[in-house]
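All remarks here apply to the structure that follows.
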Amino acid sequence: MIRVGQGVDAHRFGEPGTPLILGGVQVPHERGLAAHSDGDVLMHAVTDALLGAAGEGDLGKHFPDSDPAYKGIDSRVLLRDALERVQAGGWRVINADATLIAQRPRMAPYVEAMRDRVAADLGVAPAAVNVKATTTEKMGFTGRGEGIAATAVVLIAREGFFER
Ligand SMILES: Nc1ccn([C@@H]2O[C@H](COP(=O)(O)O)[C@@H](O)[C@H]2O)c(=O)n1
Ligand SMILES: C[C@@]1(CO)OP(=O)(O)OP(=O)(O)OC[C@H]1O
């Protein structure tokens, strides 16, 4: 049995001088994203896609932003926690594909490092993950530079799927 999940997240830019963390990588920029966690919108989209594939709800259900335990948390920790929940149901990850939607900064120099971190946290080889970026041609909230969005899909399979 295989299942697919999709994730979408968006965060507005925060205060000048705060770090911009995307896919577990600090990307040089004037400001980071405002959030209860570290604001890693890419990790959030991947985590939501993973949870969605397994029918396990979403990030806010498992890690509510009302809980001080998650204040400033590294979103990689949340993805790894979500993976443990999904693996407990007998699932493993086949592949993931994610897109950052941002006018700026330019992501291309960092997507490979992001891919490696997402893959490590999903427990798969780097080749099983793809990270890419697009602008919105200056349209909408990302185009105006108000924030960054991300989308992701994750495919999972039950143990034994490939042995059939
Ligand atoms: N923040 C971004 C956005 C885009 N890229 C790269 O540029 C390519 C062209 O972007 P379009 O929005 O014009 O399609 C895109 O394919 C990315 O490789 C980027 O690095 N950072
Ligand atoms: C990650 C969590 C928890 O710290 O908070 P945020 O960083 O604000 O992110 P969001 O995607 O709005 O919601 C999920 C949250 O529960």
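Glycine too: its Cβ is placed from the backbone N, Cα and C atoms.
Just so you know, TrEMBL annotations never went through curation; they're auto-generated.
Straight from TrEMBL, the features:
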BINDING   D9, H11, H44  divalent metal cation binding site
BINDING   9-11, 36-37, 58-60, 63-67, 102-108, 134-137, F141, R144  4-CDP-2-C-methyl-D-erythritol 2-phosphate binding site
DOMAIN    2-156  domain '2-C-methyl-D-erythritol 2,4-cyclodiphosphate synthase'
SITE      H36  site 'Transition state stabilizer'
SITE      T135  site 'Transition state stabilizer'
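Known features from TrEMBL, placed on the structure.
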residue	record	DSSP (3 states)
D9	divalent metal cation binding site	strand
H36	site 'Transition state stabilizer'	coil
H44	divalent metal cation binding site	helix
F63	4-CDP-2-C-methyl-D-erythritol 2-phosphate binding site	coil
P105	4-CDP-2-C-methyl-D-erythritol 2-phosphate binding site	coil
T134	4-CDP-2-C-methyl-D-erythritol 2-phosphate binding site	strand
F141	4-CDP-2-C-methyl-D-erythritol 2-phosphate binding site	helix
Pick the one among the binding-site residues S37, T134 whose Cβ has the fewest other Cβ atoms within 10 Å in this structure.
-> T134
Across the domain '2-C-methyl-D-erythritol 2,4-cyclodiphosphate synthase' (2-156), what is the average pLDDT of the model, as a whole number?
-> 98
In the structure shown, which of the binding-site residues D9, D67 has the fewest other Cβ atoms within 10 Å?
-> D67
Counting across all protein chains, other CB atoms within 10 angstroms of the CB of F141 (4-CDP-2-C-methyl-D-erythritol 2-phosphate binding site) number 15
Of D9, H36, H44, T135, the recorded positions lying within 10 angstroms (C-alpha) of D67 (4-CDP-2-C-methyl-D-erythritol 2-phosphate binding site) are H36
Listed binding-site residues with Cβ under 6 Å from ligand 2, out of H11, S37, F63, D67, T134 = S37, F63
Cα-Cα separation of H36 (site 'Transition state stabilizer') and H11 (divalent metal cation binding site), in Å?
-> 10
Candidates near ligand 1 among the recorded positions H11, H44, F63, T135, judged by a Cβ under 6 angstroms | T135
Rounded to a whole number, how many Å is the Cα of T134 (4-CDP-2-C-methyl-D-erythritol 2-phosphate binding site) away from the Cα of D9 (divalent metal cation binding site)?
-> 15
Excluding its own, the Cβ atoms lying within 10 Å of the Cβ of H11 (divalent metal cation binding site) add up to 20
